[in-house]
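TrEMBL annotations:
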TRANSMEM  12-32  transmembrane segment
DOMAIN    18-404  domain 'Major facilitator superfamily (MFS) profile'
TRANSMEM  52-72  transmembrane segment
TRANSMEM  84-107  transmembrane segment
TRANSMEM  113-135  transmembrane segment
TRANSMEM  142-160  transmembrane segment
TRANSMEM  172-195  transmembrane segment
TRANSMEM  216-240  transmembrane segment
TRANSMEM  252-276  transmembrane segment
TRANSMEM  283-301  transmembrane segment
TRANSMEM  307-332  transmembrane segment
TRANSMEM  344-366  transmembrane segment
TRANSMEM  372-392  transmembrane segment
Amino acid sequence: MTDHSKASNEPSVFPLRALMLLATAVFVSVTAEFMPTGLLPQIAEGLAVSEAQVGLLVTIFAATVVLTAMGLSILTRRYSRKSLVITALIVMALSNVVAAIAPSFAVMVGARILGGLSHGLFFALANAYAAYLVPRERLGRAVAILTAGGTMAFVLGVPLGTALGNAFGWRLAFVALAVIILALAFALMVTLPGVSREVALSTGEIALPMRRDPTLPLVLVAAVIVILVLAGQNTFYVYIAPYLIDVAGFGGQGVAGVLFLYGGAGAIGVVLAGVLGDRFPKGSLIGMLLVATVSMAMLGFRGYGEIWVVTMVMVWAAAFGGIPALLQLRLLRAASVRLRDFGSAVLVTAFNLGIGGGALIGALLYDPLGVQALGYAGASGFAIAVLVAVVADRIELSRVPSPNAQRG
């Protein structure tokens with residue numbers, strides 16, 4: 001079943017309420033994904049397993065997203081986008097209820113797999129929904145609002161979930177998430193406009209299968225850039241705490257303060273992406289990638305004081321904070337209408353591959369090279385992403401652009 005209703009907004013009306021609700025749902029979904037990281041000891045004690053086993057719950061969640069997001073996008077392509085958003089959120093709430101009442105680690109693993117299934121589908125739908133709700137020239141602002149939900153989850157969501165679990169127990173923390181997700185599902189049921197994703201064809205034109213869609217190479221290039229960027233980011237960021245302690249000389253409270261500043265600077269980056277994305281969609285992405293490359297590499301040098309380290313961390317955070325929105329914008333501008341949902345699923349998969357791959361690269365390099373070298377390794381990922389983006393843009397400009405391709 002396909003949505004035949006058009007989005008309720010006219011081009012002159014920006015659907016802020018619907019986008020804010022979607023962004024809030026993204027915020028809660030990301031918070032749910034990483035909830036176990038802040039409650040490892042409590043969950044381990046409650047399920048009588050080791051903390052290392054509990055840590056695998058995040059890996060299981062992410063692996064489920066990687067393995068199922070694209071497949072679910074293809075299987076559900078004929079169904080109502082709005083109905084799928086609501087259904088995915090309801091299943092996500094159910095997964096948190098199962099996690100809250102899990103009597104054993106095996107049941108908890110099942111809950112996380114269910115959560116990963118719903119998370120991957122929801123993220124793909126939410127990312128593409130912005131392109132259905134707003135005209136092309138306002139897509140950057142809409143994408144920035146959605147991306148802010150995920151960014152703020154890392155800044156506020158996970159710490160708030162941890163505080164809630166410490167105060168009332170980890171099981172009630174999962175129950176609270178389930179209640180919030182159900183409330184958001186109801187609010188979106190009332191507020192979210194239905195959208196049409198049918199592709200208008202010229203007389204005599206035959207619809208092409210997705211594999212022959214002329215915009216598919218652009219989508220795949222965007223996915224490669226995403227993997228490179230997220231791998232570079234997480235090669236270093238996952239190990240930022242030992243870097244700040246062992247290399248920069250910060251204490252425990254100092255590390256918390258630097259990470260708080262990192263989050264604030266990242267939020268500024270999201271705002272910058274919203275402002276610059278519509279006017280300079282490709283130039284702003286390459287510019288932020290270059291800034292992130294240089295600032296991360298500079299953190300690899302010894303001999304600078306704490307002020308220098310904090311400054312470079314904030315510059316890096318501000319640059320990276322806007323990059324996910326600009327990457328998503330690049331993909332949505334490149335993809336044809338029929339490829340938007342699949343492209344968004346590719347994006348979700350690429351993000352999770354980059355996150356997991358970067359953490360693995362960092363782990364492999366940590367002991368032989370030391371934590372300081374991870375800054376150089378991470379910067380290398382960003383630098384390669386810049387090269388891929390520049391070459392892809394040059395090739396695209398040398399060809400006749402498709403209706404959905406963004407020049408310049």
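Keep in mind that glycine also has a Cβ here, set from the backbone N, Cα and C atoms.
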Message: Below 8 angstroms Cβ to Cβ, which residues of this chain, lying six or more residues outside the transmembrane segment (344-366), approach it?
response: 59, 62-63, 65-66, 69-70, 72-74, 120-121, 123-125, 127-128, 219-220, 222-224, 226-239, 324, 327-328, 331-332, 373-374, 377-378, 381
- request: Return the stretch with the most CB pairs under 8 A relative to the transmembrane segment (142-160), choosing among 12-32, 113-135, 172-195, 252-276, 307-332.
  value: 12-32
Query: Given the model, what does the mean pLDDT over the domain 'Major facilitator superfamily (MFS) profile' (18-404) come out as?
result: 84
Task: For the transmembrane segment (307-332) and the transmembrane segment (283-301), check the count of CB pairs under 8 Å (sequence separation 6 or more) and say whether it reaches 3 or more.
output: yes
Query: Under 8 Å, at least three CB pairs between the transmembrane segment (52-72) and the transmembrane segment (113-135) (pairs 6 or more apart)?
result: yes
